[in-house]
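> As listed in TrEMBL for this protein:
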DOMAIN    1-184  domain 'G-protein coupled receptors family 1 profile'
TRANSMEM  6-25  transmembrane segment
TRANSMEM  37-62  transmembrane segment
TRANSMEM  82-101  transmembrane segment
TRANSMEM  133-152  transmembrane segment
TRANSMEM  164-186  transmembrane segment
Amino acid sequence: GLLLAAFSASVCSLLAITVDRYLSLYNALTYHSERTLGFTCAMVLLMWLLCLGVGLLPLLGWNCLRDQSSCSILRPVTKDNAAVLAVTFLLLFALMMQLYLQICKIAFRHAQQIAVQHQFIATAQATSTRKGLSTLSLILGTFALCWIPFAIYSLVADSSYPAVYTYSLALPATCNSLINPIIYAFRNPDIQKSLWLACCGCIPSTFSSRPRTSSDV
């Protein structure tokens, strides 16, 4: 149950960040007035309650204690229930892909408009756009490499398969939760500001004077 709750929280956190980034561009004018601290805390709390609910499923009947032959690689979750979880994950990943594609389109359109208004050099704007696309590719690529093998394995394997295969595929999925903060910390200026505030209580002057670009998405 704890494992399911932790995995669900990891995936849902990435999905929540993706939706938040999309809304910050799609509703740029009203985003900061609508996304208050109270609203954000409420959404985080709701997400964790949902994930804890997923973690309680084995206690509520999603188990193979009465029929060991129906066990999946995620004991004591049954094969059918593991398949539901794996398909749900793949659908969430497809949704994230679609949202990131929309983010790229909106960010590229905004970048073109800003470049025309401020008469930026085309090569500089292209570099900014490429940086944004590389960040999104790095996030999605890492997520896919860590999670998709485990999800597919959950669909095709059962409890008769050696446990070492399950552990070797579950470990990257677990490590994805450690990799993501590093990616965001080094690629997203907003999170860099938060880390500076949390650790040092100040923000370097380079952040204050630096204009926000499409690559910050």
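Yeah, the Cβs are placed from backbone N, Cα and C, and that goes for glycine too.
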> Taking 6-25, 37-62, 164-186 as candidates, which has the most Cβ pairs under 8 Å with the transmembrane segment (82-101)?
6-25
> Of the listed stretches (6-25, 37-62, 133-152), which one yields the highest count of Cβ-Cβ distances below 8 Å with the transmembrane segment (164-186)?
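Against the transmembrane segment (164-186), the leading stretch is 133-152.
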